[in-house]
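Chemist: The structure's right below; bear with me while I get my questions together.
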Amino acid sequence: MDDATVLRKKGYIVGINLGKGSYAKVKSAYSERLKFNVAVKIIDRKKTPTDFVERFLPREMDILATVNHGSIIKTYEIFETSDGRIYIIMELGVQGDLLEFIKCQGALHEDVARKMFRQLSSAVKYCHDLDIVHRDLKCENLLLDKDFNIKLSDFGFSKRCLRDSNGRIILSKTFCGSAAYAAPEVLQSIPYQPKVYDIWSLGVILYIMVCGSMPYDDSDIRKMLRIQKEHRVDFPRSKNLTCECKDLIYRMLQPDVSQRLHIDEILSHSWLQPPKPKATSSASFKREGEGKYRAECKLDTKTGLRPDHRPDHKLGAKTQHRLLVVPENENRMEDRLAETSRAKDHHISGAEVGKAST
């Protein structure tokens, strides 16, 4: 029985193809019960690697059935056929994903970015409060509804945090996500605190929102990692970003995990509060080199050498950020990263997975 027939029997009239990944495909469909269009992700167990089926897929389905938040894509129904095809019926992001939106519209005004980022941060806090981590936060996984509200999607690498006998979160050893959004500790294959990893990815996302470009050039991972570990963040001068916005990004892109912000600190940050009548001017910054700044506004920053890379790393016509999944026993990333280049559709859940533990 083909997909259209299976779905028709369940009350869904199949529409267009939305995307296809290594182990999943996504179609639009009209729900006769809900009376509106939905997205249907279809995964065939027989065509999917064992590690994905046994580890990542059950986690994703468990978490999709658990989460319920206004800024997270809704899951309406999950069912499976006798021949091993899984159908996940989800809310449809009718305006596409955030990356395509920014590539079309350019950098967002801070007021627009503030609204969207507050929605995203609220969704992440909801997950973290449930001890759920996403581990693949990126613009492609942020869908937009008809009113351009953020909807977090793709929980393919998500997991529930494990805790030891003292209640402390056990470090993760599955080094997953996309290289351009991955924290330094993940790039180095250092066991990491998964909630803190999500925060770094949030920093990259906010930078893209307000700058319209990537904060780091991931075409050279070694060089990118060196720049990140020096806590160097360049902001395009032409964007005239406020002091508070730069400060929030800088604190999220903190290579020292003990100093990186937590989600509650992000939500309480001054930049995410309702704007004051008179916004803080960014004119008090003293810049050096290619947009790197020295703070005169009580920012937690430090001066450094002139950057040897240029800011304003363009967003490509197609997103091909390397997907990382490194086995538990791998050592350092630089020589052993299992890098797979692909254009990942914003609806398609995690693919190309390797052996992993937590």
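Along the chain as shown, residues are numbered 1 onward.
Glycine too: its Cβ is placed from the backbone N, Cα and C atoms.
I grabbed these lines from Swiss-Prot:
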DOMAIN    12-272  domain 'Protein kinase'
BINDING   Leu18, Gly19, Lys20, Gly21, Ser22, Tyr23, Ala24, Lys25, Val26, Lys41  ATP binding site
ACT_SITE  Asp136  active site, proton acceptor
REGION    302-358  region 'Disordered'
COMPBIAS  302-315  compositional bias 'Basic and acidic residues'
COMPBIAS  329-349  compositional bias 'Basic and acidic residues'
Chemist: Just to verify a number: CA distance, Val26 (ATP binding site) to Asp136 (active site, proton acceptor), in angstrom, no decimals.
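Modeler: Pair distance, Cα basis, whole Å: 19 Å.
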Chemist: Using DSSP, would you call Asp136 (active site, proton acceptor) helix, strand or coil?
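Modeler: The three-state answer is coil.
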Chemist: What is the interatomic distance between the Cα atoms of Asp136 (active site, proton acceptor) and Leu18 (ATP binding site), given in whole Å?
Modeler: 20
Chemist: Across the listed ATP-binding residues, Leu18, Gly19, Lys20, Gly21, Ser22, Tyr23, Ala24, Lys25, Val26, Lys41, what is the farthest Cα to Cα distance, given in whole Å?
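Modeler: Between the outermost Cα atoms of Leu18, Gly19, Lys20, Gly21, Ser22, Tyr23, Ala24, Lys25, Val26, Lys41, the distance is 14 Å.
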Chemist: Can you tell which of the binding-site residues (Leu18, Ala24) has the fewest other C-beta atoms within 10 angstroms of its C-beta?
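Modeler: Each of the binding-site residues Leu18, Ala24 was scored by Cβ atoms within 10 Å; lowest is Leu18.
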Chemist: Near Val26 (ATP binding site), how many other Cβ atoms are within 10 Å of its Cβ?
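Modeler: So the Cβ neighbour count for Val26 (ATP binding site) comes to 22.
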